[in-house]
Each structure stands twice: as C-alpha cells, then as structure tokens.
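*Asks:* Got a structure for you, questions after.
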Amino acid sequence: MEYAQQLFGDFFGPEWGPALFLLVKNVLLIVAIVLPLMLAVAYLTFAERKIIGYMQLRVGPNRVTFFGIPWLGGWAQPIADAVKAVMKEIIIPSGANKVLFVLAPILTFAPALAAWAVIPFSPDVVLADINAGLLYILAMTSMGVYGIIIAGWASNSKYAFLGAMRSAAQVVSYELAMGFALVCVLMMSQSLNLGDIVKGQQGASMLNWYLIPLFPMFLVYFISGVAETNRAPFDVAEGESEIVAGFHVEYSGMAFTVFFLAEYSNMILVAMLASIIFLGGWLPPVNVAPFTLVPGFIWLILKASFLLFCFLWFRATFPRYRYDQIMRLGWKVFIPITLVWIVVLGLVMQLPASIRGAFPLNLWFH
C-alpha cells in the first residue's frame, strides 16, 4: 500500500498524488464491498428458497443450471431471476407521482449500501474507520423508512399507503429498542468504533464476547433487526393476506427488485453487525491453533451466515404477528427490558474492582 501511494506521488506529483491515490483506493474498496454484497444478496434469495423448501419437505429451485451440468441444478436461478427483472417493464400507475414513485426505491436502497462503509471485515479492512461507526449505522438504517413512506404515498393506492404507515410505526418502535441495546454495548466497550468494540472482546475464548453478559440485549437487538427489515413474522407491512403486497404493490421490474435488494442487504447488515458487537467479529471462538489459522473475515462470515439462517428459520416457523402484537412487543416488552438492563449494567460498572474480581465480571469489564 505504501509503495502504491509513493508511486502515485512520483507520477502525479506531491500535490495531486495523495488525493488521487485516496480516490482510487476508496473506489476500489467500494467496488470490493458492493459487488460481493450484490452476489451475496442474489444467492441469499436462492438459499432462502432451498432451505425453506427442505423445511417444508420439498426440493426448491433445481432446474436452472450452468452449461447443462445436472448437479448444479438451481445454482443459476438467481442469475435468471436478475435477467428477467431487468427485462420487465416498470409500470407507473396513472394517478401516481412519477418522480417520487421512481425515487422511492433508490431512497430505500442507498442507506442500505451506505451503512456498509463502516463495517470492519478484519482489523485493517474497512472503508471508513470512524469513531462514531455504531451511531452512523443506526442513522443509516433509520433512513430507509423514508423511501418506504414515499413509495406508499406516491403509488396513489390505499393498500400501499397502509403498508407504508405500518412500516413507519414498526421501524420507530423497534429502532428505540435496538438503540438502547446498542447503548449497553457502548457502555461495555467505551467506544462507538466497531473495530474497538471487537478488540474489547479479545481474550482466551468466546467467554470474553459480549454475548454472555449482554445475552438479553443480543436477543432484543436481533429480533428488532428482524422487525426493522420487515421479515417474517414481522412482515405486516407487506401482509399478503391483508393488503396484497403493502408498500410495493404497484411496483414491477427493476423498481420492485431494488426494494428487495435493500431488504436483503439490510438482513446481511443486521447479521454482520450482531456478529461484530456480540459475537467477537473476526475473532476465533478459541484463541489457539488451528482456530487462529483461519482468516478473521472467514469467522465473521460464518457467524453472520448462522444468523442469516435464523432469519430464514423464523420465516419457515412462525406465523405472522398481528399489528397490535408487534406494537405491544416493542413498547411494553423490549423497551422496558433494555432500560432496566442499562441501569443494571451501570450499577455493575460502578462496583469496585475487588468486588467484580470475586465474580467472573473482569472478563468483560476491564
């Protein structure tokens, strides 16, 4: 990296060299994040259909293959779906606000991509290593709901507008619980930097991870993440049995696809962030060989993959909650639990080190 920076300085001069090097570096990092993310989203849809198919005692997609190879049956399905979506027409209803109708999917997808800027894949692999990384992600994930509200209003449809209102209320309700759960992580790590949060979980084994002292907060965060991404059993914003398809009922073609790109990108983001702040990020479960020989980003991907499997497991297992049940869970269960845990955590942190040493609390409170 230093050699490349020096090369840019020699070729473009000391005035333009460093700036151009930084520009090229950031563009390459963005491409290195966005392209694998889009591929991961495509094959997450395939994995969802296959896994839920097996859970329901059926096969799932098994026809579309590469070059007619039988044992790769189904693996080309995401590519076929993408080609079909690109070729379909985007139909705009006659009574819709055309500008906002087209803009809404972009406003939903852009924050879902922007949030990935601060995700650390290993100690040195992060696009923007900022001190307020956790706060930045919370802000980006909150902005996606504006696109959903605009989509519901611009569609000029009662079904779409009702779905958008449901989604807005749901996101506001669970954003509070998620924020309070992240406050507990902030109190323990004393930092909003995601890299520092992972380093605060370093130790001999997974006993040092924040999952153990903050297990209720992990459950609150993860379930709130499922609710924020409008996934089953919290998918009342799309409730097919009640309001046809919710806020994207009038969308087709690539505009419809962009909403799902945002949804699945946010799913992967929630799983990645939970792995970083509760499951040690790139740290191995045991700090001995052969676990330490595995690259850190592999551990991060494995942890996130398990949490993504839980997303799919929920969809195949639980029926959809009623709207009032979702609101009750957020306001009367999750928010009080997180507030109590913040108070308890604050009291424990004020205990003298000698008292904390009598219990295994010094594993997490340094």
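Quick reminder: no glycine exception, Cβ is built from N, Cα and C everywhere.
Reproduced below are the annotations present in Swiss-Prot:
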| type | residues | note |
| --- | --- | --- |
| TRANSMEM | 27-47 | transmembrane segment |
| TRANSMEM | 99-119 | transmembrane segment |
| TRANSMEM | 134-154 | transmembrane segment |
| TRANSMEM | 168-188 | transmembrane segment |
| TRANSMEM | 206-226 | transmembrane segment |
| TRANSMEM | 268-288 | transmembrane segment |
| TRANSMEM | 294-314 | transmembrane segment |
| TRANSMEM | 333-353 | transmembrane segment |
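In terms of burial and nearby residues, how do these features look in this structure?
*Replies:* Same-chain residues lying 6 or more positions outside the transmembrane segment (27-47) and placing a CB less than 8 Å from one of its CB atoms are 61, 74-75, 77-79, 81-82, 113, 116, 119, 127, 260-261, 264-265, 267-268, 308, 312.
Nonlocal intrachain contacts for the transmembrane segment (99-119), taken as residues 6+ away from its ends with a CB within less than 8 angstroms of a stretch CB, comprise 33-34, 37, 90, 92-93, 126-130, 133, 136-137, 140-141, 143-144, 146-148, 150-151, 153-155, 194, 250-251, 255-256, 258-259, 261-262, 265-266, 269, 272-273, 276.
Only residues 6 or more beyond the boundaries of the transmembrane segment (134-154), in the same chain, are considered here, and those with a CB under 8 A from a CB of the stretch are 96-97, 100-101, 103-109, 111-112, 114-115, 117-119, 160-165, 167-168, 171-172, 175, 178-179, 182, 185-186, 192-194, 197, 228, 237, 246-248, 251, 259, 262, 266, 269, 273, 277.
Long-range Cβ contacts of the transmembrane segment (168-188) within its own chain (Cβ-Cβ under 8 Å, at least 6 residues beyond either end) map to 134, 138, 141-142, 144-145, 148-149, 197, 200, 210, 213-214, 217-218, 220-221, 224-225, 227-228, 230, 234, 236-237, 277-278, 326-327, 330-331, 334-335, 338-339, 341-342, 345-346, 349, 364-365.
Remote same-chain partners of the transmembrane segment (206-226), defined as residues 6 or more beyond its termini with a Cβ less than 8 Å from a stretch Cβ, comprise 174-175, 177-178, 180-182, 184-185, 188-189, 197, 200, 234, 270-271, 273-274, 277-280, 283, 285-286, 307, 310-311, 314, 330, 334, 337-338, 341, 360-361, 363-364.
Residues 37, 40-41, 44, 112, 115-116, 119-123, 134, 137, 141, 182, 185, 194, 197-198, 201-206, 208-211, 214, 217-218, 221-222, 225-226, 228-229, 294, 296-297, 299-300, 303-305, 307-308, 311 of the same chain sit 6 or more residues outside the transmembrane segment (268-288) yet have a Cβ under 8 Å from a Cβ within it.
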